[in-house]
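Colleague: Under the heading region 'N-terminal extension', Swiss-Prot lists 13-60. According to Swiss-Prot, the Zn(2+) binding site annotation covers His31, His34, His58, Asp117, on the basis of a curator's inference. The domain '4Fe-4S ferredoxin-type 1' annotation in Swiss-Prot covers 60-89. Swiss-Prot lists Cys69, Cys75, Cys134 with the feature [3Fe-4S] cluster binding site. For Cys79, Cys124, Cys127, Cys130, the entry in Swiss-Prot reads [4Fe-4S] cluster binding site. For 115-143, the entry in Swiss-Prot reads domain '4Fe-4S ferredoxin-type 2', with the evidence type sequence analysis.
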Amino acid sequence: MVKLEELDFKPKPIDEHFLENDKDYPVTGQHNGHDVRAEGMQRLDADGKPYPTKLGIHGTHVAVDWDCCIADGACMDVCPVNLYEWNLNPGKSGTGNDHKIQKGSEEWNKYRTDKCDPVRESDCIFCMACESVCPVRAIKITP
């Protein structure tokens, strides 16, 4: 798990209106059966500095801002339907992800941390547990 103090950026909560803002959050691709928005686009962190990644927002009804996500894993622990997996560790979930990313590696430069992937987005029961537990508010549930 990554500590906020160790980051070289300041996470900003997911834009609650991203679905209504096609200009800033256009659908740029698909990943594991869900839409990806703003991938490859430079966005700013809470300090107004460019995020070190350009990974975008993954999902629609269960959306995770991958530029903000710090791989805490709490969302996975509280989800009653297990809709999340680690992107770099398919099939794995929960805190303390198994796949450690070394600083300076190719994966580090691309992702910075593993990412919480809403691979079973359609299974969501809209309990909002993941949204409420995320320490950086990277998740937005839209029923």
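Don't overthink the numbers, they just go from 1 along the chain as shown.
A Cβ is built for glycine as well, from the same backbone N, Cα and C atoms used for every other residue.
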Colleague: Name the residues of the same chain, 6+ apart in sequence, whose Cβ is under 8 Å from the Cβ of Cys69 ([3Fe-4S] cluster binding site)?
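Modeller: Residues satisfying the criterion: Pro11, Thr113, Lys115, Cys116, Val136, Ala138.
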Colleague: Could you give the mean pLDDT over the region 'N-terminal extension' (13-60), rounded to a whole number?
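Modeller: Its mean pLDDT is 96.
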Colleague: Please list, in sequence order, every residue of the chain apart from Cys79, Cys124, Cys127, Cys130 whose Cβ lies within 8 Å of the Cβ centroid of the [4Fe-4S] cluster site.
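Modeller: My list of surrounding residues reads Val62, Cys75, Val78, Pro80, Val81, Leu83, Ile125, Phe126, Met128, Ala129, Glu131, Ile141.
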Colleague: Does DSSP give His58 (Zn(2+) binding site) helix, strand or coil?
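Modeller: Its secondary structure by DSSP: strand.
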Colleague: Are there any residues in the same chain, six or more apart in sequence, whose C-beta is under 8 angstroms from the C-beta of Cys124 ([4Fe-4S] cluster binding site), and if so which?
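Modeller: Listed in sequence order: His61, Val62, Val81, Leu83, Pro118, Ile141.
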Colleague: Going by DSSP, is His31 (Zn(2+) binding site) part of a helix, a strand, or coil?
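Modeller: Assignment for His31 (Zn(2+) binding site) reads strand.
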Colleague: In angstrom units, rounded to an integer, how far apart are the Cα atoms of His31 (Zn(2+) binding site) and Cys79 ([4Fe-4S] cluster binding site)?
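Modeller: Approximately 20 Å lies between the Cα of His31 (Zn(2+) binding site) and that of Cys79 ([4Fe-4S] cluster binding site).
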Colleague: Quick check: in three-state DSSP terms, what is Asp117 (Zn(2+) binding site)?
Modeller: strand
Colleague: Cys75, Cys79, Cys127, Cys130, Cys134: which of these binding-site residues has the sparsest Cβ neighbourhood within 10 Å?
Modeller: Cys127
Colleague: In the same chain, outside Cys69, Cys75, Cys134, whose C-beta lies within 8 angstroms of the Cβ mean position for the [3Fe-4S] cluster site?
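Modeller: Sorted by sequence, the hits are Val64, Ile70, Asp72, Gly73, Ala74, Cys116, Cys130, Val133, Pro135, Val136, Ala138, Ile139.
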Colleague: For Cys134 ([3Fe-4S] cluster binding site) and Cys79 ([4Fe-4S] cluster binding site), determine the Cα separation and express it in whole Å.
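Modeller: Between the alpha carbons of Cys134 ([3Fe-4S] cluster binding site) and Cys79 ([4Fe-4S] cluster binding site) there are 11 Å.
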